[in-house]
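Below is one structure, written out as structure tokens; comments come after it.
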Amino acid sequence: MAQAAGPAGGGEPRTEAVGGEGPREPGAAGGAAGGSRDALSLEEILRLYNQPINEEQAWAVCYQCCGSLRAAARRRQPRHRVRSAAQIRVWRDGAVTLAPAADDAGEPPPVAGKLGYSQCMETEVIESLGIIIYKALDYGLKENEERELSPPLEQLIDHMANTVEADGSNDEGYEAAEEGLGDEDEKRKISAIRSYRDVMKLCAAHLPTESDAPNHYQAVCRALFAETMELHTFLTKIKSAKENLKKIQEMEKSDESSTDLEELKNADWARFWVQVMRDLRNGVKLKKVQERQYNPLPIEYQLTPYEMLMDDIRCKRYTLRKVMVNGDIPPRLKKSAHEIILDFIRSRPPLNPVSARKLKPTPPRPRSLHERILEEIKAERKLRPVSPEEIRRSRLAMRPLSMSYSFDLSDVTTPESTKNLVESSMVNGGLTSQTKENGLSTSQQVPAQRKKLLRAPTLAELDSSESEEETLHKSTSSSSVSPSFPEEPVLEAVSTRKKPPKFLPISSTPQPERRQPPQRRHSIEKETPTNVRQFLPPSRQSSRSLEEFCYPVECLALTVEEVMHIRQVLVKAELEKYQQYKDIYTALKKGKLCFCCRTRRFSFFTWSYTCQFCKRPVCSQCCKKMRLPSKPYSTLPIFSLGPSALQRGESSMRSEKPSTAHHRPLRSIARFSSKSKSMDKSDEELQFPKELMEDWSTMEVCVDCKKFISEIISSSRRSLVLANKRARLKRKTQSFYMSSPGPSEYCPSERTISEI
């Protein structure tokens with residue numbers, strides 16, 4: 001369909017191709033009356049609503065139809081009387097035109113345009129239009145009923161219906177004489193309608209402002225079309241819903257007779273629809289009259305009822321009434337939300353004052369490693385308690401044997417067999433059956449005399465790093481010579497040959513109250529006061545790991561941070577030697593080539609790993625895992641990393657070698673050379689305390705940096721071993737054996753007080 005520009009004021013009339021009348025029943029023309037329809041006939045509107053149009057719609061249809069007829073008369077188109085309401089077409093944009101009459105009663109024939117007229121006078125067309133509008137206002141009423149119209153509308157229809165009788169001489173109907181007498185017609189009141197212009201003037205005079213007539217009446221016709229289409233959609237949905245309900249009911253109750261649903265007729269639905277629209281336009285107005293000047297006619301039809309309601313809500317043009325309950329406002333509306341909350345708080349039982357509250361003691365929080373280190377640094381060094389006998393013995397150890405008070409009273413009455421027995425017990429590391437028998441006989445001979453024993457220094461206190469292997473070899477050989485002695489004393493002698501340093505803090509030594517200390521088999525019994533706590537040497541692993549860090553280090557110890565800096569400087573120097581190879585140098589400098597293997601290139605899909613030590617990109621094959629201290633502990637010496645920082649694979653491979661040696665018979669230890677013994681000791685090499693390595697993180701380092709770190713650690717630990725050896729030798733020279741023979745030739749002897 002081709003649409004014209006405007007409705008009444010003058011524009012080209014639109015032409016239409018009539019495809020049939022609209023929906024006579026809401027369900028019959030559901031597809032035809034969809035969103036694609038642009039025009040509805042007045043007869044379709046009346047049939048759909050099943051009630052007459054209101055007065056404002058009648059004013060609008062009359063004004064818009066006369067406007068289109070006036071525009072057609074200027075183009076000298078033939079006139080035609082309006083025979084039925086089906087010829088009046090209301091368009092979507094608010095225009096109203098006349099269609100030619102249908103030959104048949106059912107549907108109109110196809111016509112070239114909207115305005116196809118035969119020769120007829122203008123007054124006849126106005127008269128027929130007035131009659132059709134009156135029938136639309138009287139639609140649905142009985143013959144004996146008549147609708148009461150407002151005086152202006154009744155006068156307009158009366159003038160339009162009596163136009164032919166009032167002016168029978170004007171047969172041509174041209175507007176030449178009308179245009180010449182235009183000023184006089186504007187001054188005097190229109191007593192008779194002779195042209196379309198007179199009808200339009202009467203319609204415009206109905207409004208408060210005549211200049212708003214075109215826009216207002218166009219808006220009314222546009223609203224009429226929109227509301228009619230919405231009603232049709234509403235009725236179509238209701239009918240489809242009823243059909244679906246019937247189908248569901250038939251499926252559920254197939255055996256029973258189908259009962260018809262109680263339906264509301266279309267007329268009832270249309271009546272309800274009209275009532276809702278009327279209430280929205282007239283009755284429900286959520287706005288104050290005092291806020292703006294109320295202009296009922298031009299504004300009411302500019303928007304649909306829904307748009308009007310939403311506009312009033314957005315602009316807050318409403319006043320809410322106070323809801324009264326039993327003649328009074330409800331309590332919850334009297335107070336604000338803040339006051340209600342305060343009243344609720346006041347209604348609760350009073351709270352206890354803060355001073356009267358007794359909170360539970362906070363649970364003890366486990367101290368972190370950092371706090372424990374700081375506490376040990378701030379605390380004074382605690383010395384372990386020693387018995388008076390040990391103090392006396394340490395004093396005797398500071399002078400030669402000849403100056404000792406115990407050996408000055410040398411009145412030896414002990415047989416030679418006792419001395420040999422003590423020597424053999426010292427070599428084998430345990431008491432034999434002869435010692436037990438001899439001790440029993442001695443106690444029987446002298447029951448009243450109490451046995452006071454002096455303890456000679458053990459081999460573990462005198463041997464150095466070089467003499468330890470020889471002593472072990474000697475003890476194992478002696479154990480193999482005398483098969484009657486058990487093999488356990490040799491293990492105990494080896495495990496107890498190291499003494500903890502005498503200046504260890506008491507927190508690092510185990511408490512002797514927890515378990516009974518084992519009696520040393522190579523020492524002679526002595527009595528100690530019961531109120532003096534005995535010192536229990538720690539286990540081999542803990543004593544060795546702590547002993548390493550207690551002796552003063554007299555060599556240069558590089559820290560982790562310094563080694564990292566040295567490695568980064570070496571890497572930069574290594575990069576400079578590739579300057580003559582521009583491609584390799586550029587790729588290495590930009591991080592597009594692995595710095596270790598220099599064969600793997602990195603692309604968008606192949607990412608590189610960054611070595612945390614030298615800060616250079618490496619590939620996955622050259623990247624290894626290594627545990628390193630974090631930033632606060634980067635000042636630790638590099639030798640403190642030890643084997644624990646190396647990769648798990650290497651440490652496990654290294655541990656497999658000595659693990660087999662531990663399961664071999666003890667007698668085969670004597671067959672090892674010094675090289676195999678050093679390999680066994682490397683597995684038991686001293687490590688950094690595990691409690692200080694809890695927060696070390698596993699970092700990614702390249703194979704070159706890992707090798708570099710391992711070499712520095714091994715060299716630093718060799719220097720540390722030499723320093724520890726010198727420290728041990730310096731301490732052990734302060735012994736009362738000033739001119740003792742070599743460790744391989746020395747055999748200690750112990751004598752009791754009674755023997756002296």
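The backbone N, Cα and C atoms fix where each Cβ goes, and this holds for glycine too.
Annotated compositional bias 'Polar residues' per Swiss-Prot: 425-447 (among others), in sequence order.
Feature annotation from Swiss-Prot assigns compositional bias 'Low complexity' to 474-492.
Positions annotated as compositional bias 'Polar residues' by Swiss-Prot: 529-538 (among others).
Summed and averaged per residue, pLDDT over the domain 'KIND' (40-231) gives 78. Summarising the annotation, Swiss-Prot assigns domain 'KIND' to 40-231.
Look at Swiss-Prot and you will find 305-323 tagged as domain 'WH2 1'. When the domain 'WH2 1' (305-323) is classified with DSSP, helix, strand and coil residues number 10 helix, 0 strand, 9 coil.
DSSP assignment over the domain 'WH2 2' (369-386) gives 10 helix, 0 strand, 8 coil. Annotation comment: Swiss-Prot describes 369-386 as domain 'WH2 2'.
Cβ atoms under 8 Å from those of the region 'Important for interaction with FMN2' (131-138) belong to residues 42, 46, 52-53, 55, 58, 61-62, 82, 84-85, 87-88, 146-147, 149, 153, 157, 160-161 of the same chain, restricted to positions at least 6 beyond its ends. What Swiss-Prot lists as region 'Important for interaction with FMN2' is 131-138.
For the region 'Spir-box' (556-576), DSSP puts the residue distribution at 17 helix, 1 strand, 3 coil. Among the features that Swiss-Prot reports, region 'Spir-box' is placed at 556-576.
Across the region 'Important for interaction with FMN2' (131-138), DSSP assigns 7 helix, 0 strand, 1 coil.
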